[in-house]
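Q: Pasting a structure here, questions to come.
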Amino acid sequence: MRRAREAEMMKSQVLFPFLLSLFCGAISQQIRYTIPEELANGSRVGNLAKDLGLSVRELPTRKLRVSAEDYFNVSLESGDLLVNGRIDREKICGRKLECALEFETVTENPMNVFHVVVVIQDINDNAPRFVAKGIDLEICESALPGVKFSLDSAQDADVEGNSLKLYTINPNQYFSLSTKESPDGSKYPELLLEKPLDREHQSSHRLILTAMDGGDPPLSGTTHIWIRVTDANDNAPVFSQEVYRVSLQENVPWGTSVLRVMATDQDEGINAEITYAFLNSPISTSLFNLNPNTGDITTNGTLDFEETSRYVLSVEAKDGGVHTAHCNVQIEIVDENDNAPEVTFVSFSNQIPEDSDLGTVIALIKVRDKDSGQNGMVTCYIQEEVPFKLESTSKNYYKLVIAGALNREQTADYNVTIIATDKGKPALSSRTSITLHISDINDNAPVFHQASYVVHVSENNPPGASIAQVSASDPDLGPNGRVSYSILASDLEPRELLSYVSVSPQSGVVFAQRAFDHEQLRAFELTLQARDQGSPALSANVSLRVLVGDLNDNAPRVLYPALGPDGSALFDMVPRAAEPGYLVTKVVAVDADSGHNAWLSYHVLQASEPGLFSLGLRTGEVRTARALGDRDAARQRLLVAVRDGGQPPLSATATLHLIFADSLQEVLPDLSDRPEPSDPQTELQFYLVVALALISVLFLLAVILAIALRLRRSSSLDTEGCFQTGLCSKSGPGVPPNHSEGTLPYSYNLCVASHSAKTEFNFLNLTPEMAPPQDLLCDDPSMVVCASNEDHKIAYDPSLSSHQAPPNTDWRFSQAQRPGTSGSQNGDDTGTWPNNQFDTEMLQAMILASASEAADGSSTLGGGAGTMGLSARYGPQFTLQHVPDYRQNVYIPGSNATLTNAAGKRDGKAPAGGNGNKKKSGKKEKK
């Protein structure tokens, strides 16, 4: 009943398109889908309406339908082709390698017929299965070891990789199993006797036979082997031929006789009765029948040449005993013309270097048509416009070669469709698409995203911090496009470079290896290289400039006032008659920072007389705010704080000791008048010092008197000369001894410890090499002359002044060239903003120029108008090489002038020396 219904269905599938062809001119096109078997009902195969070029809105009017309604139907809402029934590949196609359902699709208004092919792919849904639940064997006990027994093979409805692969049995001492392959490729088990049997010892054996397929995961089936040991039968059946051969058309009807096999047995009785059976039962029983008594073989199904061109059947003849014989039957199937060409890639390389030459072979292609004659002659061509072409090498062989230039950066992949067409009527064709990947070569150098890089880094950065990142790109792939970074060059020393910066080879991040110091290094430049990993490698360079920003990490440092060589504080003398605004001294401080961080301000923290002195906010100049009163103490103390402009500000303090006196003699009693405990040794030292001072004063007075008389008689001198003794009086503000050597040839410092029971005088005498040929002190007749302790003879040669060389004009500066300082500003204490570009060498040059002017006699001690007015303490010994930017802080101790001498102008006084008032006080003391 079922067979009749299937036959009727197949008949309708044949008649339906035939009848439709009466109304349609021809099938317009063929649509092909591929699905796995056993899809659930309602599963989507594809959008049939879209593939037919129909819109969803047209479906109701076009009445789209298919002929294979048992398996598929069409959704009129979406146009999808849906599964309508169980699709079992094994049931539909059996053991055919390629299984497809072909049916027609019909549309109306207008009527069209389309041919649809749905390829059914096999899945591993069938486990190997033995037909019989058990296998019975009778083996004579006389069988010798090495005898083989062919067993019934298992059936596996799946094909190719999911089909049957091997057999196994449980371990035992008498038998082993091997898997054999028949000429048609099917596998069957063969039992091998390993050890002689003994019926009296064991009359039967039970084994478990397992068949496994090649699926993933593999499926298996088992059966039992019952072996009964019998008595000996000494003759086995013998076939008339070992191999039977026959040819058969592929479309013969069922039941067609193929041939008869025959075997004979010389035994008699039951041992001579022969029965025939197939060994490879899955193929045999599906397509062929074997009469067990006569040996006649007939067809039992449809033979297809394209599925199998040759069948090999294994036939077993068994007598009434235990002996068997085997033969093979080879059936050749005659072909008919019903196959399209097939394209096979014999050799194929889908990775093509982009620099490949024209004519390079990419693939070797073999075309095959299972048909013969004209229907089997095939031609191939490429459908797309691609830089490739096909060249015929021999019959049925083509090679795919490069026909144009390749550039991976423009096109990385090509899809090439090869169409093969036979010469049949009508012609059949097939197409195969391949994807060709263009492999990269290193033909592009890295490119930085910027032409150059500039980064700003604050000083005192943490070591190891990232300060910049450079980035370069390379359009190549893999190692050819993998960029690594390195430092190629720098304006730093090679040894210093490793301790300053490093760069990450992978990310291009530049790291600081140490904390930067703006005062030591303000900027540096690196040359970074980006290099790919190709062979040969390509690279690119870029410059990275690192600017180190300043932080307020240096507190101001007070240069003046400073402690004496023995640690004692220095004193500055102020005339008792000093008027308000008189320049007493100047606090000189420096700050190693720059910019706003080096802009210094001066503040009075503590004063013994708060209203007696004023302090310039930016200049550091200490001036008298009012005249000295009767109730004011002669000794004054100022505690000054110097702050910079940083955030937060840093500061330093300095203590000024000021004494109101008109001469040195007035200072000594005041200095020594302290309620200290009496010490005989100290008092003795004090008297010795006082005696020495008195002797020196008397000697100096005599020398000054002699020189004054001599100067009156000398009219050739432009200025009044000074004596060439080893000491001269300086009653102005004292400076540290290490700053006393300079352009002035005669100076001494009075250093008295303010908190000591001793009164000490420290004299700094000139060496003969430093003695100038002319007195550099200005024409002040009231100058107090001090006698030298080393030489009581005054050796003065007037001719020296006439041979004094004029100063080099290269060292002179015009008023515009001289740098402005805080003292050159107007009366407000706002100061000037420090210039960060101030050059230390220019300051040194100005100091030397001042020294040259002083030696020439054209400059006063305090500095006249248009001169620099630098004190001797800022001579070559104190060059301020450590001060990069302190113009506002340059002050000439003992003078009321700064670099531009504008302070004197602001006070409305002549630009005379800072010691002028003090010298007049000395003159009064002399009188």
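From the backbone N, Cα and C atoms, a Cβ is placed for every residue, glycine too.
According to Swiss-Prot, the record shows the following:
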DOMAIN    29-130  domain 'Cadherin 1'
CARBOHYD  N41  N-linked glycosylation site
CARBOHYD  N73  N-linked glycosylation site
DOMAIN    240-343  domain 'Cadherin 3'
CARBOHYD  N300  N-linked glycosylation site
DOMAIN    344-448  domain 'Cadherin 4'
CARBOHYD  N415  N-linked glycosylation site
CARBOHYD  N541  N-linked glycosylation site
COMPBIAS  799-836  compositional bias 'Polar residues'
Q: Quick one: among the glycosylation sites N41, N73, N300, N415, which has the most Cβ atoms sitting within 10 Å of its own Cβ?
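A: Sorting the candidates by Cβ neighbours within 10 Å, the top entry is N73.
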Q: Give the distance between the Cα atoms of N73 (N-linked glycosylation site) and N41 (N-linked glycosylation site), rounded to the nearest whole Å.
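A: N73 (N-linked glycosylation site) and N41 (N-linked glycosylation site) have their Cα atoms 10 Å apart.
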Q: For the domain 'Cadherin 4' (344-448), what's the mean pLDDT in this predicted model?
A: 88
Q: If I take the Cα of N415 (N-linked glycosylation site) as reference, which of the glycosylation sites N41, N300, N541 has the closest Cα?
A: N41
Q: By DSSP assignment, list the helix, strand and coil residue numbers for the domain 'Cadherin 1' (29-130), in that order.
A: 16 helix, 40 strand, 46 coil
Q: In the domain 'Cadherin 4' (344-448), how many residues does DSSP assign to helix, to strand and to coil?
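A: The counts are 4 helix, 57 strand, 44 coil.
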Q: Determine, to the nearest whole angstrom, how far the Cα atom of N541 (N-linked glycosylation site) is from the Cα atom of N300 (N-linked glycosylation site).
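A: Their Cα atoms are separated by 81 Å.
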Q: Where N300 (N-linked glycosylation site) and N41 (N-linked glycosylation site) are concerned, what is their Cα separation in Å, rounded?
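A: If we compare the Cα positions of N300 (N-linked glycosylation site) and N41 (N-linked glycosylation site), the gap is 32 Å.
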Q: If you draw a 10 Å sphere around the Cβ of N541 (N-linked glycosylation site), how many other Cβ atoms fall inside it, taking every protein chain shown into account?
A: 14
Q: DSSP helix, strand and coil counts for the domain 'Cadherin 3' (240-343)?
A: 11 helix, 46 strand, 47 coil
